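Taking it in order: structure first as structure tokens, then the write-up.
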Amino acid sequence: MVNQAAMPLLTPYKQAGGKIDLSHRVLLSPMTRCRSYGNVPQPHAALYYTQRATSGGLLITEATGVSDTAQGYPETPGVWTREHVEAWKPIVDAVHRKGALFICQLWHVGRVSTNDYQPNGQAPISSSDIQITPDGSGIVYSKPRRLRVDEIPQIVDDFRLAARNAIEAGFDGVEIHGANGYLLEQFMKDSSNDRTDEYGGSLENRCRFAVEVIDAVVGEIGAHRVGIRLSPFLDFMDCVDSDPEALGSYMVEQLNKHEGFLYCHMVEPRMAIVDGRRQIQHGLLPFRKAFKGTFIAAGGYDREEGNKVIENGYTDLVSFGRLFLANPDLPKRFELDAPLNKYDRNTFYTQDPIVGYTDYPFLDEDQNNSVADA
């Protein structure tokens, strides 16, 4: 048995004066799984999340829509109707029975959508009418419609109400999705925002919408229940900024205005390949130093890198995506330095309620049963 005290990822973490009190620092990263039929969370999600829940752990849900215009992928969950809230309740209860904290990620895709996903076949909404350039994947996103200034308060209110609904469903807090090229980032980054009004142009103006969402959600449920995910360095869905350091720093300044803000969850720059090995860029340190609360790092971490960044104080917590997807008992495997199941890309976004979802084996089930990587 490995001495847990020697493994930084498995050391406890207690937020000073806050609600995060963890037995380890291995978090489940938010990952879209496309298995919430008709946007309604399903009973099989309770098994998926509880498989990955441990006493003193922290899980973040898959991205969860705040309204009927927030959709851009098949069968993703929502939290904007009474039906959604009631469907989430038993899932949240099941995670809590395992002793874990559960955070709901609130999401609006903006232009990462097609007319088919939108009410009455209308155009997706965004900061601008700039269409995402086709990337060869076969997906062609529809040309978006630029939001009018007088429409923006309604979108802000959608986030506020979704946050209230998430708390009613029993979640311990929410994570505002301000990353990965979705609506908030479409406003924040200069490549996707060509507005000339108070929501475009300067850095402050481009961040205005995101700040209004943060302020509204904090006002509704309290800063101690609100986290955010940001990815200033990423170039995802044609969403890139000419000065990511300034963008990240400005947003951290805004978060610091809310005393007791739950956490700041940031995505590393794209991994580089050095001498044939993946190498994380480690670009988040200035933001980590500037942010006054709990900091979470994400982006391609493994056991070795995760331990390293906890040990040297680069971050408080590390979120794991694909490794946790394929290894429901990931903290235990890290503890024992056990072999990991390989994830199967082919089943990331399929709608099967079992295959590639809840059928990845636990260590004590079958030591040798690994799912082939695609």
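Cβ from N, Cα, C; glycine included.
From the candidate list Arg195, Arg208, Arg225, Arg229, the residue Swiss-Prot records in the FMN site shared with Pro30, Met31, Thr32, Ala63, Gln105, Gly300, Gly321, Arg322 is Arg229.
When the binding-site residues Gln105, Asn180 are compared by the number of other C-beta atoms lying within 10 angstroms of their own C-beta, Asn180 comes out lowest. Separation of the C-alpha atoms of Tyr182 (active site, proton donor) and Gly300 (FMN binding site): 20 Å, rounded to the nearest whole number. Under a cutoff of 8 A between CB atoms, and with a sequence separation of 6+ in the same chain, the neighbours of Ala179 (substrate binding site) are Glu185, Arg229, Leu230, Ser231, Leu234, Val267. Mapped onto three states, the DSSP output places Gly300 (FMN binding site) in coil.
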